[in-house]
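Listed features, source Swiss-Prot:
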| type | residues | note |
| --- | --- | --- |
| SIGNAL | 1-22 | signal peptide |
| DOMAIN | 43-163 | domain 'Bulb-type lectin' |
| CARBOHYD | 106 | N-linked glycosylation site |
| CARBOHYD | 191 | N-linked glycosylation site |
| CARBOHYD | 211 | N-linked glycosylation site |
| CARBOHYD | 241 | N-linked glycosylation site |
| CARBOHYD | 289 | N-linked glycosylation site |
| MOD_RES | 374 | S-nitrosocysteine |
| DISULFID | 410-432 | disulfide bond |
| DISULFID | 414-420 | disulfide bond |
| CARBOHYD | 446 | N-linked glycosylation site |
């Protein structure tokens, strides 16, 4: 027994030492300086960018490249870009390392003997790292699919960018319930920090949320689809026979288990069914090899896919899927389609609701500021104006609200809630929906669907 314990302890010690001793060889180590100077070609967000240069490391695997970029002065993000400099349509940023914690001029990206990839300021303050020190990392690589990896001596990934998505999924990249389970939008093109829109995978489905008021509101997604814990963005040939011409399909694939019928009983804003039975959702079909594609949650809350056709002489990028479109879910269902506020019908912003009625819409149309009208339980009157035949963007995903209840009770709830900008009432079903955010109001042919907006 003592001999067995001794052998076990010895084996564990040898294993531990072997991991600690597995180090990055000198010829694969690097330290890159974020030096002043900019590259000349156009890129997404109208960003300025800088190349990374090291005699020990290539940061470019066509068409993906690791670079620094900035949209505001002295605030740089380490990011992966897709596209080549000859592209007439601009190259795209598909992964950010430190978008919530940018660095300044002369910051450094270092990959030392211990295998930790570290982004630090000139004074040594660490702004981002992979936390892979002494975990057996022996090399750095950017793969042809856009996955940036740190691997051990056997080629096994110790860390990979595919496990840390920001607002974008590349082909083969996943969201996982037991891992990073969401995409988060940028705040704007100029501000790359986390924005108000997210797409979250849980055991109920893949759901899109907007949170501008402290209350997450559902506005899209596949809320009743069982992805079995994992959803992967994929592009596959329509036909398996490689000798025959084939279209390519953009898919959202669940974990590879026996398929179940996802059901679909509340898709009130949907123009056509999205996806098919069997668990896999078919987003679109394209007539070329779309292996280089990505799915992006935009700063405006949109969900779009873009595909890259490198054989084209210009305009290599094409929008190949849009969740809010004439073909899928109505454009009016996007909360920001009419900006901060507006009345939408058939993909057009046709009016600006006011207490005096519908006025001509412009990008200056804004909801009323109502906090001063909140009664707060003190009996102060709250005024509303009425809009007939309209629904809220979140209505289809919350079964039009709570009920049955009376319109007076619905009003009383909104009166008492300072965050409530208005309420939507379904007269036929006696359903009540309180709205802390208005955004785009959607025309409803059913005149029993009525909105009451505070002013």
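Any Cβ shown, glycine's included, is placed from N, Cα and C.
For the pair residue 420 (disulfide bond) and residue 211 (N-linked glycosylation site), the C-alpha distance works out to 14 angstrom. Residue 432 (disulfide bond) falls within a strand segment according to DSSP. A 10 Å cutoff on Cβ-Cβ distances gives residue 432 (disulfide bond) a total of 22 other Cβ atoms nearby, all chains included. Put simply, residue 191 (N-linked glycosylation site) is 21 Å from residue 106 (N-linked glycosylation site) when counted between their Cα atoms. For the pair formed by residue 432 (disulfide bond) and residue 446 (N-linked glycosylation site), distance between Cα atoms is given as 16 Å, rounded to the nearest Å. Each residue in the domain 'Bulb-type lectin' (43-163) gets a DSSP state, and the totals come to 6 helix, 57 strand, 58 coil. Distance from the CA of residue 211 (N-linked glycosylation site) to the CA of residue 414 (disulfide bond) is 19 Å. In the three-state DSSP assignment, the secondary structure recorded for residue 410 (disulfide bond) is helix. Spacing of residue 289 (N-linked glycosylation site) relative to residue 191 (N-linked glycosylation site) is 33 Å (Cα to Cα, whole number). Annotation: 191 carries the greatest number of neighbouring Cβ atoms among the glycosylation sites 106, 191 [cut-off 10 Å, Cβ to Cβ].
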